[in-house]
């Protein structure tokens, strides 16, 4: 199968996930109940997923038009989408560390304030994409008019691409280790009855999200490794292309499934989505308020304002 056809399929599958993540970002921004540190980090994670899904567009457009562009223009167009895709890995690790601190050191969860902890946690996660941006600037300054196809290796050299991929592997495996510790701790506290319902719901949603993300990453990594190293030799070149497309599609769709997983596992996200879609109307709210008012033994009778009542007062 030609490279252009493969790229078209990859682009279409990636674009499917953009509306899902846009909904998650919009709901997070709009509703006050989703303004906590962890919820904000998940919202930024969704925004980074959008950037990661559009980063394939510049190389795809260049491939269709069959033109070369100067390196400075390529860097200007693609630097933020690729930086956002790299930020996914550091955000996954930071969210896992935040959960580790919350469950092993409860004072972290109870004493943290969003005015400090959110900028602090996200600031740490942004160091990785900022490093990428610095590398791109250095490479671009050396030869800004170099004609290229906007591939990652054009922006940070082949050696730089390899180093960043190794860093992503380190982030992923460290995140896996953190969630293994969390699972053991949650199981231990749940067995002793020390885990609150709120914390359990939050951990469940995070386990589901990161489980899908890490599972998709592990699947794609193993799949591409087997194909690249030639372990799958019973297929011809055309079938190997189909295998590569399948791996890409499954990996991309697995990240898209994270959004429904968030709304299914998190009651706060689910309620916020219902409000956004208009399922919780003002009449429902009034009925809820009225049901919460219990009648007293001596109810206060409020008389309408008539001329006789005004004269008596």
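Glycine residues also receive a Cβ, built from the backbone N, Cα and C atoms like all the rest.
Just so you know, TrEMBL annotations never went through curation; they're auto-generated.
Database features (TrEMBL):
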type     : residues : note
TRANSMEM : 6-29     : transmembrane segment
TRANSMEM : 41-64    : transmembrane segment
TRANSMEM : 70-97    : transmembrane segment
TRANSMEM : 118-138  : transmembrane segment
TRANSMEM : 164-184  : transmembrane segment
TRANSMEM : 205-227  : transmembrane segment
TRANSMEM : 242-264  : transmembrane segment
When counting C-beta pairs under 8 angstroms to the transmembrane segment (164-184), the leading stretch of 6-29, 41-64, 70-97, 118-138, 242-264 is 70-97
Tertiary contacts of the transmembrane segment (6-29), defined by C-beta under 8 angstroms and 6+ residue spacing from its ends, are 39-40, 42-43, 46-47, 49-50, 53-54, 56-57, 59-60, 63, 241, 244-245, 248-249, 252-253, 255-256, 259-260, 262, 269, 272-273, 276
With the cut-off at Cβ under 8 Å and a gap of six or more residues from its ends, the chain residues touching the transmembrane segment (70-97) are 38, 41-42, 44-45, 47-52, 54-55, 58-59, 121-122, 124-130, 132-133, 136-137, 139-140, 143-148, 150, 152, 154-155, 164, 167-168, 171-172, 174-175, 178-179, 182, 206, 210, 213-214
